[in-house]
Amino acid sequence: MQFHLNGFRPGNPLIAPASPLAPAHTEAVPSQVDVLIVGCGPAGLTLAAQLAAFPDIRTCIVEQKEGPMELGQADGIACRTMEMFEAFEFADSILKEACWINDVTFWKPDPAQPGRIARHGRVQDTEDGLSEFPHVILNQARVHDHYLERMRNSPSRLEPHYARRVLDVKIDHGAADYPVTVTLERCDAAHAGQIETVQARYVVGCDGARSNVRRAIGRQLVGDSANQAWGVMDVLAVTDFPDVRYKVAIQSEQGNVLIIPREGGHLVRFYVEMDKLDADERVASRNITVEQLIATAQRVLHPYKLDVKNVPWWSVYEIGQRICAKYDDVADAVATPDSPLPRVFIAGDACHTHSPKAGQGMNFSMQDSFNLGWKLAAVLRKQCAPELLHTYSSERQVVAQQLIDFDREWAKMFSDPAKEGGQGGVDPKEFQKYFEQHGRFTAGVGTHYAPSLLTGQASHQALASGFTVGMRFHSAPVVRVSDAKPLQLGHCGKADGRWRLYAFAGQNDLAQPESGLLALCRFLESDAASPLRRFTPSGQDIDSIFDLRAIFPQAYTEVALETLPALLLPPKGQLGMIDYEKVFSPDLKNAGQDIFELRGIDRQQGALVVVRPDQYVAQVLPLGDHAALSAYFESFMRA
């Protein structure tokens, strides 16, 4: 990380100086805001943490509960989510505290000893090279803690307003400044019944499956239920089951159980299949107790013992997959130039719900907000046209439907009994195979956005085949030329709203002044059509909107910084300090770590990889196609 840009400042560099633009936190909610976020779950806090980086955007986040979450609910953190946490600069802390999921084992009835279970398979949880981060497990409350700390340490010093419930949301599309009016009711004992009104430019409902914001804009969760009750419990238990510290899927004659080891080395989560429900029956009517969950888990684990000592948290739920047709207040099914601009959005469980079996609920919700946050910031800061906001619903609804389809099949296979002989059910081998085949999806790296205003046509994909247009930027190791430090290239991308331009030089670029990379630098630095010149505000650092990074195919010892264009060594900040962290080489020291080979980059021609602020590849272009680069940004950015 970089700091001391504008002079030496002692103390923790992760605590940004408080901005004079940010108002002090008050007990009462502000009367007017740019963005009102409803809900302090994963979706709401991801959005709040991202917007907190911009003190010129007035953000307010409210929550119905009276304080931060302390226990329970989601715990799985996918590889893709860890990549996002790196952008928020707390991935390392999560890695130290979390439980890493390395292998998954599969158990079924022992054909040699009826009534007992036996291990029949083992697979690696995520395939090699899928991400630089593992799949980990950590209590959702601790994830919230990291986001809250990020917000407190931001230039905005953003903090939630708790104990507020949404009563009403009204939209006046004729109002120019603050078209959305939200009525809140305070629900803590000291202020019960007090009414507050907030006017906002935009409202985002991250208030869960029973979202009041969703209801206010007339959206509905549509889908079905599997009519199957499940229980979930976090336990401290003594057991002789040998795989209790692995992720385990058990299909037995007594039912089905999913075991998830938790952080700390002792805590374990059990998902326990319970009763089949009648049509239209709610799980609450069964009055299932934690004692029943424990007894069922003990029967499924036979002949192994399970002595539960403590249950910090437990719950019951029914499997269901539901989704909204759109994630904003615009009535048109497909936005047109005549469509009104969206003013109210929904994210996370407010717009899609599914079973927890694949561990995607919290992860997918955070990706919703990561998609929306940079777009709101770009529009509010007048960097992009407001029509950009239509892409939130169009991008996220489609991939959520893909998740629903996967989850429906996965949950069904998990609930079906293990097939034995000629009897019905699911073949345990097919169950294991399905898990392996969909590993990219469960790791969170399977999202693929279709061509659109933001996503190119992939006409030049062959120049960098491993950076698929429309998918997340798949990081790889590099060596920084200025100090020979090995690092991950993707970790240059922070949650700061900036675009990344990764320019991979051709083999002969260093020796040829008219080469693709050097010509690109001249174009970006001085041409009137350059996006850097057109869209970077006057007086700001040259990389404040577009962060250009160069990667040469030669070893770092063969790249002379003093011969490179000034754009790759830009002066920045009040003191004009040089940024020495823009130039990289592949890791040629360790076999199999060359980024050009790993990501299929054309070593002769090179390539320009354009990456969105949410870490998704927007374009792969030839280094010399300056017109295409300009046309892309001109389609949605404002000068």
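A Cβ is built for glycine as well, from the same backbone N, Cα and C atoms used for every other residue.
T59 (FAD binding site) carries a strand DSSP state (E or B). Note on T59 (FAD binding site): other Cβ atoms within 10 Å of its Cβ, all shown chains, come to 28. Marked as FAD binding site by Swiss-Prot on the basis of experimental evidence: 34-64, Q73, V166, N212, 269-271, Y317, D349, S365.
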Query raised in the report: Among the binding-site residues G39, F54, which residue has the largest number of other Cβ atoms within 10 Å of its own Cβ?
Result: G39
Query raised in the report: Looking at the binding-site residues G44, A49, Q64, which one has the fewest other Cβ atoms within 10 Å of its own Cβ?
Result: Q64
Report summary line: Note: in the chain of F270 (FAD binding site), residues six or more apart in sequence with C-beta under 8 angstroms of its C-beta are G231, V232, M233, V235, V257, L258, I259, I260, L293, A297
